[in-house]
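Student: Quick one: structure below, then a few questions.
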Amino acid sequence: MGNIAVCPGSFDPVTLGHLDIIKRGAKIFDEVYVCVLNNSSKKPLFTVEERCELIRQATKDLPNIKVESFHGLLVDYAKQKEAKVILRGLRAVTDFEYEMQGTSMNKVLNDDIETFFMMTNNQYSFLSSSIVKEVAKYDGSVKGLVPKEVEEALIEKFKG
């Protein structure tokens with residue numbers, strides 16, 4: 001069994017901040033499963049399938065990245081993949097407070113799984129999918145915030 005991590009998120013859409021964490025995780029872990037979750041409290045712009053495909057395109061040069069969707073408990077997905085680590089990115093203290101709740105619950109559900117927090121690079125500390133969608137919705141440029149494929153997909157969604 002290798003050194004496997006799961007990097008979960010809604011990724012609606014994937015940003016360069018997300019990719020920073022995914023790519024840095026790929027240097028540390030033998031395999032990283034990017035797990036696209038459908039967050040019932042959010043109304044997604046892209047379908048789960050579209051989000052998976054956009055991440056696949058953005059990570060196509062990284063052979064140890066696998067992109068899948070999952071509906072259910074994250075710890076169940078991690079166990080299914082034989083992952084012992086959940087990889088999460090942190091931007092600010094508010095992210096930590098939110099993540100701490102999820103981490104604590106995951107420990108209750110499966111004590112064998114650890115959470116690995118990685119600080120986002122400063123250049124992405126303000127970046128979120130919500131901000132990207134808001135800027136794109138009003139015809140603002142998201143160049144330098146998302147991969148080219150996502151930039152094109154956003155234009156298509158809002159102008160299509």
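Glycine is treated like the rest: Cβ placed from N, Cα and C.
Residues or ranges marked as substrate binding site in Swiss-Prot: Ser10, Lys42, Leu74, Arg88. What Swiss-Prot records for Ser10, Phe11, His18, Gly89, Leu90, Arg91, Glu99, Tyr124, Ser125, Phe126, Leu127, Ser128, Ser129, Ser130 is ATP binding site, and it gives sequence analysis as the kind of evidence. For His18, the entry in Swiss-Prot reads site 'Transition state stabilizer'.
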Student: At the Cα level, what's the spacing in Å between Ser129 (ATP binding site) and Ser10 (substrate binding site), rounded?
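Tutor: One finds 9 Å between the Cα atoms of these residues.
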Student: Given the binding-site residues Ser10, Lys42, Leu74, which one's Cα is the least distant from that of Leu90 (ATP binding site)?
Tutor: Ser10
Student: Measuring Cα to Cα, how far is Ser125 (ATP binding site) from Ser10 (substrate binding site) in Å?
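Tutor: Here the two Cα atoms lie 18 Å apart.
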Student: So which one is it: of the binding-site residues Leu90, Leu127, which has the fewest other Cβ atoms within 10 Å?
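Tutor: Per-residue Cβ counts within 10 Å for the binding-site residues Leu90, Leu127 bottom out at Leu90.
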Student: Among the binding-site residues Lys42, Arg88, which residue has its Cβ surrounded by the fewest other Cβ atoms within 10 Å?
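Tutor: Looking at the binding-site residues Lys42, Arg88, the Cβ with the fewest others within 10 Å is that of Lys42.
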Student: Let me know the largest Cα to Cα distance in Å among the ATP-binding residues Ser10, Phe11, His18, Gly89, Leu90, Arg91, Glu99, Tyr124, Ser125, Phe126, Leu127, Ser128, Ser129, Ser130, as an integer.
Tutor: 18
